[in-house]
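Colleague: Mind having a look at this structure? Questions to follow.
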């Protein structure tokens, strides 16, 4: 009984700290809006309307949150094992690039084979890209932060600079368009399918500029799988034990090195799925700029979600809403970079408030002894 | 053969100095910070903000030297945030530095619009005077960077103060028992790294060029981090690495290879750093307490 009430208390504390960071970030954000001679109230109402003001806005908020949920998960999972994955950006690029190549290279596969093949290939390559720093950490004691930073830039050179240049003849900074058979299902096309068109919302989904596609659901499924893995399996228990106390875990018979490599591979694959979805669902080719810093925003998403998979979904939705609403703000003459500033502020405040939480816990512990 | 002569032409080697300048400065900054026990992956953001501030200073006063001053203040201000949140309040250094990098991208583009009314590139401003050696422009910041290498070495390895910085990065608790103020030294070291990274930014915007372009640091803060590691956290080592990476950049810009695509040459610093970290060229070990906040009264 007591155990449950403690658990609820800790979840509420986490939720409270996250909400507090967001509110403080929005308040500090008003200072920047003042610099533009616009009213913060107008700016934030534009932000809100842009993100939630209509059916289309809400659906596109879900669309924008998709890669953020995935990169957020890719940061959150290793965080639980005491590892900091700054490499989601590079993993996303490797996954997206691979999916883009598989997507256009095979010309005569049916969707049922082509699409899963492209998704799995992208996730696998991204998994290897994430697993490499895991191996370096586990076997050679190379710090994963530095390794993943370096791999980000190597991935950029390989995919954006070198990879795209291989296809100069397309005339745009992108790989050739993927085949229809590799494209993810888009909700805008509901009306074209015999059963789906009879579903209640199909008319609403058919209005122009609806961008939501299959990958949002894959992202939610990924979050649920990772939640299960983290809290209901032995592997998850080991991961959390390693994160809590690596030496203690080793002493208790857990092979930390194996856990590190596994978690980094999974994390890379999940970040890769973000890139896969952008290529197969949003842009239909791997293009320059498609990563849009999702790998780094993912860090903010993971933190605001308190590195809990379900929290990460909520964090991803929040940042997706900021991104979608930021467009509307841009239309009313306020630079959408305000959104980036708010994201950065959220990171500062979550980090700072986390310290507050540790301080409270310490004081409580001390109080118990004295 | 022709390619070889091109690679080792004098002008190319001189150009390497130009490309290496921001790497040398930021890497020296990184050394101060990490030697004192604070990982600084925000060099990138500090450099970017410094580059912007330099252009703003030059634009608003017409004097590029004021721009240099502004760039150092800009780097210092971001460093103060990092130091306050991470050293004083003991927050996660990587998290906060990531926040600073995102903030730097956002604030520079935002201020471009607010202060200059443009989105991508600032108006042209007065740049620092240049001294030509053969056909390569050298701006004063390159000379400053070259002078600062032995200065940093002297401070860190030949003065009491430098010894203290290194001691709080290796064993803060031991330093503390000897009466050294761990957090104060770390705070100052982080501030030094910010000033140097900001100055590196000024080199990019008003030394090498004469305008600010969005995201113009383009990963150089991280290459500087790589140079620091490659140089084993030592000023002369980092200088050598920065020169090597600067040379690679100069080669990638100027020479066409038939066998290695020039797009991949840009990745050489990163690959080399991984190879070095993996221990293929002898072990490269960071200061022992790097990244760990120091709590007084704990082991």
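Backbone N, Cα and C atoms are what each Cβ position is placed from, and that goes for glycine too.
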Colleague: Which one of A:92-108, A:177-193, A:194-210 shows up in TrEMBL as transmembrane segment?
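Modeller: TrEMBL lists transmembrane segment for residues A:92-108.
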Colleague: To which of the residue ranges A:212-230, A:231-249 does TrEMBL assign the term transmembrane segment?
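Modeller: That would be A:212-230, per the transmembrane segment entry in TrEMBL.
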Colleague: Let me check one thing: do the transmembrane segment (A:212-230) and the transmembrane segment (A:292-318) come into contact, meaning three or more Cβ pairs under 8 Å with sequence separation of at least 6?
Modeller: yes
Colleague: Please check if the transmembrane segment (A:338-360) comes into contact with the transmembrane segment (A:92-108), where contact means 3 or more CB pairs closer than 8 Å and the residues in each pair are separated by 6 or more positions.
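Modeller: Taking Cβ pairs at least 6 residues apart, the transmembrane segment (A:92-108) and the transmembrane segment (A:338-360) are not in contact, as fewer than 3 fall under 8 Å.
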Colleague: Restricting to CB pairs under 8 Å, which listed stretch, A:12-35, A:115-133, A:145-167, A:260-280, is in contact most with the transmembrane segment (A:92-108)?
Modeller: A:260-280
Colleague: For the transmembrane segment (A:145-167), find every same-chain residue at least 6 residues outside the stretch whose CB is under 8 Å from a CB in it, and list them.
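Modeller: Distant Cβ neighbours of the transmembrane segment (A:145-167) are 84-87, 89-91, 93-94, 96-97, 129-130, 132-133, 136-137, 173-176, 286-288, 295.
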Colleague: Going along the chain, which residues at least six beyond the ends of the transmembrane segment (A:115-133) come within the CB cut-off of under 8 Å?
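Modeller: Long-range Cβ neighbours of the transmembrane segment (A:115-133): 74, 85, 87, 90-92, 94-99, 102-103, 106, 109, 142, 144, 147-148, 151, 155, 178, 181-184, 218, 261, 264-273, 275-276, 279-280.
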